[in-house]
């Protein structure tokens, strides 16, 4: 077998590589780039974590835009994203995505915004290169953000030639003579092009396989295997090239991951980063939002999310909860405004229906005070977000939309007054493994009004509910108060099966004769010491 020698000399190849590297280095300082060159310089661990979390918030904003039914790349979709970024005070990314007109102050991007964008992209590559599912999620929303930024960049500077050159994208420009010769088929075969605008548009040709989105939508003229692309549709072509580059880059990152994880600090940060909660920190409220034990029954029926309402009704029915359920529910109550003193009263009144006061003080009081930062390392814990609750699901704790089977969930929905049509909509979402969207749909069915944003936290559910009942949100004329519904009766101690059965021997040691969990002060302190 003979190999033909390249017509380029070794020196010519080196010069070409140096030129491409120079272009890529130049591109990283431009308002938009393909992330061809990794960042250099020093960054603290704190900033490393903060930059990654910030970008994750941005990508989740793009995810939410899809969940609320906005057509991608429409004006409404873009407005939703910009509004959500502004609401979350993600100023650097709002600046990157909202540039309108070269006379605006927003036209000049700060070096800091570009730096944050550059570094955070490469950090999340490491966090999202691990599995096919994570890679697909990351690529989808990075490409969406890239394409929106490309559209914004074209608004600022219609001549994208420098961007294409800096990022090694070579497209064939259609000469005026060829354009004029193909005038009629270009006008007839291209969406939103008229005889009057034909000559005002720069045209490019690419192999049709690189323009499948446009071909699928019958938006471009095809001839001899080539697609004729007007400049305004270049976003689709460039985004496809960015997607291909990112797929390759993530595969390379996956190969380098063992080397990165030799640093235990980075490994601990990057592991399960996709489950990181990036919403508001729900901790204790001020005195003006005090919730007392006497208020809980009515509030639970009116404004608690199903996960917390189920725990409350289980507590009322059985006068006890397992440790996971107590943590999940107790921290939620703390965040809605229940003080430490009221929490002690609330739990004591319920638990002492099945135990004496001395046992309550010995086995449960420490844990309550611990959650409020009055024991142990005196850290005041925040309420659990949906992402953490979805990973639990043992004994009392968990999310009904993930951890209940269809029959169990159906009984809960019926008891809460959800009709068959609403239940079917919720079942469809749970069967697609979208428990947070199912909870959001439940909220909308109960409150008869759209939910703004995306459901990420039980206390977010509660606060939006209180806003609705307080008149801060638009309501329909249909009834909202469902305080008449009956309580659901749920089993106290499910039989262990599957993975749960493997842990039975460990948990039996701390179960008492009533099926409750014995959590003494010594045991809690040992759990705290081991993290």
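Every residue gets a Cβ built from N, Cα and C, even glycine.
Here's what TrEMBL has on this protein:
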BINDING   307, 386, 399, 439  [4Fe-4S] cluster binding site
COMPBIAS  499-509  compositional bias 'Low complexity'
DOMAIN    298-462  domain 'DNA primase large subunit C-terminal'
REGION    1-30  region 'Disordered'
REGION    490-515  region 'Disordered'
Using the centroid of the Cβ atoms of 307, 386, 399, 439 as reference, list every other same-chain residue with Cβ within 8 Å of it (recorded [4Fe-4S] cluster site), in sequence order. 305, 306, 389, 390, 400, 401, 402, 435, 436, 455, 458
Enter the number of other CB atoms within 10 angstroms of the CB of residue 439 ([4Fe-4S] cluster binding site). 26
Name the secondary structure element type, per DSSP in three states, that contains residue 386 ([4Fe-4S] cluster binding site). helix
For the domain 'DNA primase large subunit C-terminal' (298-462), what's the mean pLDDT in this predicted model? 94
